[in-house]
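The domain 'Cadherin' feature in TrEMBL is assigned to 79-159, 160-268, 269-383, 384-488, 488-605. What TrEMBL lists as transmembrane segment is 615-636. Under the heading region 'Disordered', TrEMBL lists 745-767. Sequence annotations record features per position, and here TrEMBL assigns compositional bias 'Polar residues' to 749-767.
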């Protein structure tokens with residue numbers, strides 16, 4: 001069994017210990033009674049079980065912040081198995097084992113090697129074990145124990161949320177709660193008084209106090225007035241150890257502001273005021289200010305101003321400015337110095353938000369008197385009315401009077417007035433005004449159908465002060481006279497169906513008149529009386545300002561006559577009555593009936609198909625473009641050229657037609673047949689030129705050139721051509737199709753011979769090149785080459801002839 005020993009008696013006395021015992025039964029077989037066995041009377045042996053040795057655990061304690069030079073002794077572990085001979089070895093592991101806590105393996109003493117802070121870690125969990133030093137067998141089971149760090153007062157109270165800001169209404173009662181502050185202490189609150197805090201006030205008396213236990217700050221002085229002092233600074237201290245000597249302390253600051261309440265009525269600085277206002281002041285504009293003072297703030301200082309006497313309230317108004325708290329005085333009616341030279345206003349200022357708690361102080365309002373003096377100002381002329389409306393008949397002669405305006409000087413001097421028109425208006429100058437009398441006249445005849453209303457501005461100024469101008473608008477209405485004849489309203493031509501019957505109404509027409517309603521809108525219709533009777537149509541006046549066109553005969557034919565013209569005379573109802581003649585055009589069409597609608601065939605087709613004119617045009621354009629593409633494609637196909645070289649597999653025949661019959665001997669532009677009489681060309685073209693020349697052909701050509709030329713002057717051209725045709729037909733080396741043979745005669749040439757190199761390759765030279773040997777080795781080599789070339793050609797040609805004959 002293990003025992004735990006404490007480092008000092010004082011520590012042992014104030015701690016509670018806990019005993020933890022564990023026992024394990026061990027059965028040892030024995031034939032001979034041992035000290036753990038008892039021999040019974042019946043010969044049996046009773047075995048005595050003793051409990052297994054175990055740890056007696058109490059919590060160890062170690063003081064925090066130990067600053068001694070030696071490691072701090074924590075406690076001692078001892079097992080009953082330890083006989084003091086050093087055979088028991090103690091082992092310690094767990095939190096801080098080996099680094100913070102060390103154990104003596106022989107004695108079991110535990111020491112703390114470092115200074116510990118309980119606020120960082122309050123306890124450590126470790127495990128202890130006792131082993132046989134020699135066999136390493138466990139003498140005691142491995143068990144767990146705790147080392148607690150004992151607290152000391154090493155942390156002062158703190159206010160984590162400070163400094164603080166608080167408010168309290170002014171004039172509050174004593175004991176009104178302002179704010180609660182709470183300090184925290186990191187020391188152990190369960191041990192001693194290290195974390196027991198007491199609050200006290202260091203600054204802020206006698207206005208405020210603090211509860212020592214709860215930290216609630218309250219008012220300590222009655223009737224604190226914000227207007228006298230608004231801000232207070234309070235310092236609160238928190239001290240641990242229940243405030244005892246030696247305790248640690250901390251402090252914080254609270255800034256307390258008294259909030260405003262309406263405890264002050266408004267006051268005018270003086271009782272009488274004076275204000276000068278000119279009579280020219282504009283209505284609705286401010287003319288002055290007045291202000292009542294209020295020591296309160298915000299809504300508690302809002303003042304409502306009013307004029308309480310009728311004399312001033314009828315002419316002036318007053319309103320409060322929210323920002324400046326001033327009373328703004330404005331003009332309600334125009335002032336006239338000549339009528340009234342001064343006004344007296346009784347103005348009252350009253351708070352809008354009253355506090356009933358302070359009703360004992362009286363009514364929260366004040367009054368003042370404002371005397372307004374009206375100043376005399378030279379004013380512009382004043383017209384008799386604000387807007388003139390005049391009228392004049394159209395076509396009136398130039399200088400016709402339209403009307404007159406009147407203005408006067410409102411001042412006591414009664415200065416003469418002059419009139420004129422505003423130059424910015426009336427660009428064409430339809431009117432003029434007499435500058436003395438104000439009479440307005442026309443400058444030209446007016447046309448109501450052109451302009452019905454004319455708006456002009458008349459200005460007036462005083463003779464003594466021309467800079468003062470007054471304006472008045474004048475509207476002139478042009479009255480109508482019957483000066484426009486009526487016309488038949490026909491926007492489109494009239495459709496006349498071929499199937500019309502006598503007496504059938506073709507169309508109902510109306511009339512239009514540019515004149516106004518008084519001289520128009522009542523029309524009469526008739527056919528011209530000076531013209532003979534119309535055999536096709538007649539006109540019926542419906543006596544409702546409309547007329548009906550009626551057919552007089554049966555059947556119309558658009559092929560015979562498509563258009564008819566019908567003149568119609570129309571009279572208006574004006575004074576005097578005017579008439580006008582309009583000619584209508586009637587188009588004859590074969591019609592189809594669609595209910596009440598009559599339409600021509602073409603229009604019916606379009607309407608039934610549901611296609612507009614634009615759609616039909618688009619369709620026609622598409623068709624034209626397609627036709628153009630087809631024609632272009634066919635033209636390109638026809639104009640495609642045949643290949644110049646015909647394949648050997650092409651077996652088509654080429655037919656060439658010559659339509660030139662010649663024009664006689666005098667026809668110099670016809671085909672020159674003498675070109676066929678060139679003997680050299682005839683011999684050369686004996687072999688076909690449209691196939692690749694073979695060696696046989698080439699040699700034959702050479703031989704023919706070496707042979708004497710044949711004089712063909714006496715040969716018949718027809719026989720010559722036939723002979724060449726037979727040669728071409730019998731030639732087996734040509735392709736199996738006909739080919740045009742061309743024979744060109746260039747003449748016999750000059751006696752000196754041709755300088756053209758065309759004949760040189762085909763003719764064997766008889767030149768002896770041995771003379772070149774005299775010029776040296778280089779020319780000797782040239783002579784051998786030319787001589788060898790001639791001999792090679794002769795040899796090859798002879799061999800080919802032999803082969804041809806053998807075949």
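Just so you know, glycine gets a Cβ as well, placed from its N, Cα and C.
Remark: secondary structure over the domain 'Cadherin' (160-268) totals 3 helix, 45 strand, 61 coil, with classes taken from DSSP. The helix, strand and coil residue counts that DSSP assigns across the domain 'Cadherin' (269-383) are 16 helix, 53 strand, 46 coil. Summarising model confidence by region, the domain 'Cadherin' (488-605) averages a pLDDT of 81. Secondary structure counts, DSSP: the domain 'Cadherin' (79-159) has 0 helix, 36 strand, 45 coil. Applying DSSP to the domain 'Cadherin' (384-488) sorts its residues as follows: 0 helix, 47 strand, 58 coil.
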